[in-house]
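**Student:** If you scroll down you'll find the structure; I have some questions about it.
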């Protein structure tokens, strides 16, 4: 729920002002709600009126909703959306790695793109990852590094308490900048693609709703505190990646920790995306699925694709805003509410139907506007 993309939240506040604080809270509430209704779609009542888990994945839910049109249509849409989101996540990790290396070693005459290539070389062993066990071990180190980074940045900001001023917040904001900030904030909360698997592996699935409430509440508090303290410290000078604002004696240390975290975080979306691609390519042919040549080919191609995208779109905040607007909004708001309405329409109350429709409309408008503004921003950057 936190992730390295929390580093973009202070920059989002720069462009959204007071409304950004409300957005962080509102996004947490909406993401928590759509996470719950998504899990509801996994269950159906049996003859005795008891809820039974009849679906296991996001793809299964989508196929159930579209079975009258095409048995596999929904799954294809969800898989494509998931892969795009995971690719964008991997690309962002490479971009961040290049940025961090460039700022950690300013005396080395290399561009950020060149540093991204160097980071890419260190990720080549990912093509040999075949089980989630290795990825989970790397994720444990990521969690430890993440809390160290947030603690260091927040502690430094608190030492600058004497220069804080609420006057730094904008009362009037540019509409286009505000919409890009919406995408950034949404992307920092996206987790829906992992929820069906998470709920299915819980020792007591009945505690899922409680777990979701507490995790989103905690994430909201941490994100708000971090973004607020960082923005109040640097105001208009807030950078796209907040660690660029730190003094030199802390910047290098924190950047190296972030670099390690970014590189260790890359295997998770990489592994998830390649697993989806395998399942689509093999089409049930287990011999092809486990073919070493196919395995290396898909992983190698995917790895190279993320590098090429990182080389040609090296803008952290704008790319994150675009990702959040396209895939983040779809997987987090649009599809869960649409699937819930489709599968549970007869059992939903009037207020529940209104809530789902409102979330869908809000997600669609934010997604559409965010896509237009993010693309416009990227085109302006490239002249």
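The backbone N, Cα and C atoms fix where each Cβ goes, glycine too.
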**Student:** Can you say which of 20-43, 44-67 is given as transmembrane segment in TrEMBL?
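**Tutor:** My reading of TrEMBL: the transmembrane segment range is 20-43.
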**Student:** Decide whether the stretches the transmembrane segment (178-198) and the transmembrane segment (293-312) have at least 3 CB pairs under 8 angstroms, with pairs required to be 6 or more apart in sequence.
**Tutor:** no
